[in-house]
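All remarks here apply to the structure that follows.
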Amino acid sequence: MRHSVATGQKPDPDGGPEQAERWLARTGRVLRNPGFRRYYIAQTFSLSGTWMQFTGQIWLVMKVLAPGDARMLGVTAALQSAPIVLTLWGGSLADGRDKRRLLIVTQSLSGALALVLGLSVLTHHVSLPFVWFCAVALGLVNAADAPARQAIIPELVGVADVPNAVALNSASYQATRAFGVALAPLAVGLWGLSAPFLLNCVSFAGVIWALTHLGPARFGTTGPLKGRGRPPIREGLAAIRASAGLLGPVAALFLVALFALNFNVTLPVLATTDLKGGLGEVSALLTASSVGAVGASLVLAGLTGPKDRLAVAAMTALAAAMVALALCRQSWLACVIMVPLGASIAATTATVNTLLQQRSDPGMRGRITAVYSLIMQGSALLGGPLVGLLCQPGLGGAPGGLLLGAGAALLGALVLGRLSARVAPLGNGA
């Protein structure tokens, strides 16, 4: 492996098959941990079920409960996203509780909601208000679940192996998204519209089993929440402001997520106007992005070295790819560009996640990772309408939205690079 000046990754003096074997060993090294391996496999199956339910819910609303009314689909998505504002509270909950037990509760509740919704579809008692109720309830559960899922990783594998675990989780997320979305129509065709919900319910059983077999001794709470008299949420935000090592990744991610990751807005406009295509082109672009994201995640899992430099390089690459996509007018070339674009997105989010987990105090980790989850999930609520406005004909169109995102990604790289220069490198390569 050649030494990269841009990312600071460590070179391997040997080459050939032996180098490949060593890289594969590094890529999967965290899976030698039996507890994490069980949890990872179970979580992978569960994520596939989650994406199946996501697709099934879209079909249920659009084809059965509100045929052809995209507004009702938007309301459903908004109701499920609204509880995101409680994610910071969920981070405080994770810091003050046994994360393993908290996840058992949240995963059980998610499974129960999938079961209830599936049975209501199966018995033909489902209604749009009931779907909305379940969407809000699931959003509330996710507000507590997401920070705990992030914060438990260092307790499972140790801080030194966090980069490897985060990269493998990223690969799993990207792969299961493609698999689950593709599997949902097949399940509906074989067993009916209730199948995605009921199969998702079953998928949570594996995660709950894996969590119960981790052993309680190593997952106690970190003790009373740290605070100098401040509320726990404010204390977490103050910790970020006080540390350049935390503020840099958070500020950079906020810029990137707010303006550069709104592809659900820019890609449909690009495909239908600039590329003169339709839904098929949108699907092809998203698939190409997923291929790049999975590949980048697997490569990241085998890399060692400073993650701040890698994050800066990934954001710079994202800016370059978005500029290229903004100038593109050929569908096949756009698909080619989407591969490195997807790779740079995966590298950006995974490295920022790694930096926050490695640099946060164990007693603050739930609240710090809650900020990450809030930015990733909530920025679309702000950035989406802004980018959508810019994408209107006569203002900038899809190229204008993409160029805005490129500028934000480049600014994020500059912010992270400047603040990271003030941080002493960690011994574990962060």
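Using N, Cα and C of the backbone, Cβ positions are placed for all residues, glycine too.
According to TrEMBL, the protein has these features:
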TRANSMEM  39-60  transmembrane segment
TRANSMEM  72-90  transmembrane segment
TRANSMEM  102-122  transmembrane segment
TRANSMEM  197-217  transmembrane segment
TRANSMEM  238-262  transmembrane segment
TRANSMEM  282-303  transmembrane segment
TRANSMEM  310-327  transmembrane segment
TRANSMEM  333-356  transmembrane segment
TRANSMEM  368-390  transmembrane segment
TRANSMEM  396-416  transmembrane segment
If you count Cβ pairs under 8 Å, which stretch among 102-122, 282-303, 310-327, 396-416 touches the transmembrane segment (238-262) the most?
-> 396-416
Is the transmembrane segment (396-416) packed against any residues at least 6 beyond its ends, judged by a Cβ distance under 8 Å, and which are they?
-> 248-249, 251-256, 258-262, 265-267, 269-270, 273-274, 308, 311-313, 315-316, 318-320, 322-323, 325-327, 348, 387-388, 390
Where else in the chain does the transmembrane segment (72-90) make close Cβ contacts, counting only residues six or more beyond its ends and a cut-off under 8 Å?
-> 57-58, 61-62, 65-66, 128, 131-132, 135-136, 138-140, 142-148, 233, 236-237, 366-367, 370-371, 373-374, 377-378, 380-381
List, by number or range, the same-chain residues at least 6 past the transmembrane segment (282-303) whose CB is under 8 A from its CB atoms?
-> 7, 9, 23-24, 26-28, 163-164, 167-168, 170-171, 174-175, 177-178, 263, 267-268, 270-271, 310, 331, 334-336, 338-347, 350-351
Any residues 6+ beyond the ends of the transmembrane segment (368-390) with a Cβ under 8 Å from its own?
-> 81, 84-85, 87-88, 90-92, 94, 146-147, 150-151, 236-237, 239-240, 246, 250, 253-254, 257-259, 261-262, 264-266, 349, 352-353, 356-357, 360, 396, 400-401, 404-405
